[in-house]
Amino acid sequence: MSAPAKFFAKPVNNFYILAVSSLALSVIGLVMVFSASSIHSLDTRGNAVAIVLRQGFFFALSIPLAIYLSQRSLTQWRWLARFGLLISVAILAILQIPGVGKTVNGNTNWIALPFVDVQPSEISKFFLILWASYLLANQEKNGKTRINVFALITPGFMVVIFLILLGRDLGTACVVAAILGGLLFVSGVELRLLGTLVAAGAVVLAALIATAGYRAARFLVVLDPFAAEQYKNAGWQPAHSLLGLASGGIFGVGLGGSRQKWGNLAEAHTDFIFAVIGEELGLLGTLAVLALLAALIFSIFKIALRCKDPMSRYVGSGIGCWIAVQTVLNIGSATSVLPVVGVTLPFVSYGGSALISLYIGLGYIFGSALRDPEVFNELQKAIERRRLRTS
């Protein structure tokens, strides 16, 4: 067996990979949020570090939260999972109350609190995965048929997607739909049924695009964002994202040296942070971020596969799909391979609700890993060795 194969064969190493990759991505995110947001922050808030300080606060909050959640028992998670759909629907429905929902960039998916804006659609992702995993695990234990599995969770997902679309957030709706597809696939639903769901989703997506001019423009601009009729309109951000990536070359123009963040990319620290990474850190920087994201997603699926508890296996699969699909959509938008749908790059982009939601998910995954006796024993041995070296 080769050295890499031996390394990945040890379950505890998946725990280490997950911990290192998530922390590394978050630290890179803080650095790049500062670089990408400094001009915008100075212009809108009178302070170049206001935005990154807020992101740092959410990061500092996320770490102890993930540690705390990793120590919760399966009994506690199962109790919470029963209310997952109710929580998701409730926090999304609040947005429809007049005067409560805050509109940002055309999407009414924010709640303005005294000190911070909260994005319920981000928080709903985890609770929806938790609820669906709880039901799928119960069905698996009871030996129900696959058609029942399809009918069991799909209506709940449809309600959540509908509420998200009421806020005009197509990107998050696509992520939630992909999570549904991933969970159904893992549960063993027949590909015929899964194909029917995908086809129905494609029809709905086409209808949403056809009935909204701004969405149609975003899809058409993928063909050529530099086209004369598109460049000054829907093509502006994807075109300048490509310019930033191209000008970065292999090694980048240097940290802080981006030109595109000076007003050309309105969402430089959120949706288009990947373009700023490519411009300032070059191809090598983008490949490093991609490698860390791939390692993180890989470790989540590896941990999920080892779970003896069906619910933990489904939760891990759902979280892995969530991060993977959102990564593809964000980078696809930044490279103009996909339309701009307004989703963040996991762990890297600015966004407190997104970061906390991701670390809530990681808290569950870390807990799943720690419930593996082999992983737990190896970690105990490592702690003991460190204690002996320092004593």
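Any Cβ shown, glycine's included, is placed from N, Cα and C.
Note that the structure is a prediction, hence the values are computed from the model and not measured.
As given in TrEMBL:
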TRANSMEM  12-36  transmembrane segment
TRANSMEM  48-67  transmembrane segment
TRANSMEM  79-98  transmembrane segment
TRANSMEM  147-164  transmembrane segment
TRANSMEM  170-186  transmembrane segment
TRANSMEM  193-214  transmembrane segment
TRANSMEM  281-305  transmembrane segment
TRANSMEM  317-341  transmembrane segment
TRANSMEM  347-366  transmembrane segment
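Between the transmembrane segment (317-341) and the transmembrane segment (170-186), three or more CB pairs separated by 6 or more residues in sequence fall under 8 Å, so the two stretches touch. Between the transmembrane segment (170-186) and the stretches 12-36, 48-67, 147-164, 281-305, 347-366, Cβ pairs under 8 Å are most numerous for 147-164. As a quick check, the transmembrane segment (281-305) and the transmembrane segment (79-98) miss the bar of 3 or more Cβ pairs under 8 A, pairs 6 or more apart, so the two do not touch.
Counting Cβ pairs under 8 Å to the transmembrane segment (347-366), the stretch among 12-36, 48-67, 79-98, 147-164 with the most such contacts is 48-67.
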